[in-house]
């Protein structure tokens, strides 16, 4: 009892109890605080949105070159899909044609990828339109109609990212972009150009399949494609490349 009182008395006078090194305890406390601060800094950094550098509306040379390369690659991919894959898949849905719109997301991917990579106004529309032009030049069964489709698809994605002022590039935003792209393309063009004879019920089913495709193929698929490219180092000059590097450092 007397020993306990003595220890408490020593603390009251500011002296450490016997057996406790004030300097050692202080150093350990300081190190613990530093580690906590580092952990907090890492958490904040991980949550920090990586946006385009410089002026938002000012494209860099690397932005333009990369966007053009992506557009050409997607245009060639479109042609290959139109020529070799789409005809075969169409046979699968011959019993219920509205379900065939589940393939729509393939044509929406460039706009979502462009927005996620370049992260500047106009990127989604630019890549989607150039890809459609390449598709048409190589030979598309839809002719010049692909240009109007691309305009609507790219514009829809632009509007979604503009809603968040080009500061949010999460998976959820990518999915939202894919869904809205499908809605705008279907309701403003495809209902009237491709399926004018459909009943209201079939049109809604057609729209539903398109929205699912936009969410999964364009949204989730586009997001996954961009992350995969970034992990190879091909997108180190872009914000998504920074995101990947920072996520690796924080592990």
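Residue numbering: from 1, along the chain as shown.
Using the three backbone atoms N, Cα and C, a Cβ is placed for every residue, glycine included.
The transmembrane segment annotation in TrEMBL covers 57-79 (among others).
Listed as Cβ neighbours of the transmembrane segment (85-109) (distance under 8 Å, sequence separation of 6 or more from its ends, same chain) are residues 74, 78, 149-150, 153, 157, 178, 181-182, 185-186, 190, 195, 198, 202, 205-207, 209-210, 212-219, 221-222, 225. What TrEMBL records for 85-109 (among others) is transmembrane segment.
Annotation source TrEMBL lists transmembrane segment at 121-138 (among others).
The annotation transmembrane segment is assigned in TrEMBL to 144-164 (among others).
Marked as transmembrane segment by TrEMBL: 171-192 (among others). Same-chain neighbours of the transmembrane segment (171-192): 101, 104-105, 108, 111-112, 115-116, 124, 145, 148-149, 152-157, 159-161, 164, 198, 203, 206-207, 210-211, 213-220, 222-223, counting only residues six or more beyond its ends whose CB sits under 8 Å from a CB of the stretch.
Residues 98-106, 108-109, 111-113, 116-117, 171, 174-183, 185-187, 190-191, 195, 198, 235, 240 of the same chain lie 6 or more positions beyond the ends of the transmembrane segment (204-226) yet place their CB under 8 Å from a CB of it. Marked as transmembrane segment by TrEMBL: 204-226 (among others).
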